[in-house]
Amino acid sequence: MAAPWPEDPSLERHFKGHRDAVTCVDFSLNTKQLASGSMDSCLMVWHMKPQSRAYRFAGHKDAVTCVNFSPSGHLLASGSRDKTVRIWIPNVKGESTVFRAHTATVRSVHFCSDGQSFVTASDDKTVKVWSTHRQKFLFSLSQHINWVRCARFSPDGRLIVSASDDKTVKLWDKTSRECVHSYCEHGGFVTFVDFHPSGTCIAAASMDNTVKVWDVRTHRLLQHYQLHSAAVNALSFHPSGNYLLTASSDSTLKILDLMEGRLLYTLHGHQGPATTVAFSRTGEYFASGGSDEQVMVWKSNFDVVDYGEVLKVHRPPALLATSSGNLSDVDFPIPPGRGRSQESVQSQPQEPISMPQTLTSTLEHIVGQLDVLTQTVSILEQRLTLTEDKLKQCLENQQLIMQRTTS
């Protein structure tokens, strides 16, 4: 095995609480919370702070297939096989609004970077865009001819990319609502797709065991990885744009160096298919979920030098040929009888606070509180509607009784 540089990824802790396969994971903005969805119909919100109790949100009537925190971290969206989307306030009360988003399973939900809208994808072959406020339907994108498994906004919110069982990846212009390009090179169902942090390229995972990276400007295939021995179920870009994390049914996670077009690490932790992965917003941690009902949190370690560079200009991957090389293969068996491999989670390096940074934080907090307020109003509106419906029903019943007594 090659000498690790600067240090191998390490299993920080793992969470047990789901009663069926884990389908999705996502970190909040400040990395204090990690949300996961499962085939057990529940949503769990785990706290990265040790010894903190997790929240279990029950509301969906069937498997939870997708989860995504709003950019502010104050709202949490989930989609389900019950055809609905729920918007939660991720606190101990776990209040949510619910609406029927599609006519079939909702496979994907993703907030736009401005937090004002979100996109959903479904087995009904459509991609839909909604306003976050009151979950108003905005428009639908419907050129796929099979289930749509994933849809994502570009970092600037101008484009949408979708992946489907019709073996295509489609790029859409949000303003014109037209399909800009279809990428048809996959030999199997496309399970997952996402934008590079620079917004200049996309990566797609497929049932044909491959990962492909395309330039969204020239539509050229930049990189093609054939590293897994089974379907690739999910992927996640490191915020620096230098690395790509993949999860596969071969039970492994792989970390790819996009700058050099090679495999850096293969991680063995899950017993059975690894179904989902996500980097934290800083890239210091990443989470994975599997059909073994486990949610694992890993410390990246391999990109320590880049933590301070995350907000700088992103470099897109270089144009490279296919890759099947292996730099290092790291095994991480789950420690028997332990809830986590280390007792505490190290905090990320703090940047010196300047006046503009303080102002930005304050504004972000205000925006977050407005999100919560909007969501609370939506919940109250929903309850009021239910009360009105019940009152109407009572009055109708009363009228029927009166009619019967007079006749």
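Using N, Cα and C of the backbone, Cβ positions are placed for all residues, glycine too.
The annotation compositional bias 'Low complexity' is assigned in TrEMBL to 342-354. Taken from TrEMBL, the feature region 'Disordered' applies to 325-354. The repeat 'WD' annotation in TrEMBL covers 15-56, 57-88, 99-140, 141-182, 183-224, 225-266, 267-299.
For the repeat 'WD' (99-140), the residues of the chain that approach it from at least six positions outside its boundaries are 65-72, 75, 77-81, 83-85, 87, 146-153, 155-157, 160, 162, 164, 172, 174, 177, 367, 371, 374, 378, 381, judged by C-beta separation under 8 angstroms. Away from its own ends, the repeat 'WD' (57-88) comes close to residues 20, 23-30, 33, 35-45, 94-111, 113-115, 118, 120, 122, 130, 132, 135, 364, 367-369, 371-372, 375, 378 of its chain (Cβ-Cβ under 8 Å, at least six residues beyond either end).
For the repeat 'WD' (183-224), the number of residues in each DSSP class (helix H, G, I; strand E, B; coil) is 0 helix, 22 strand, 20 coil.
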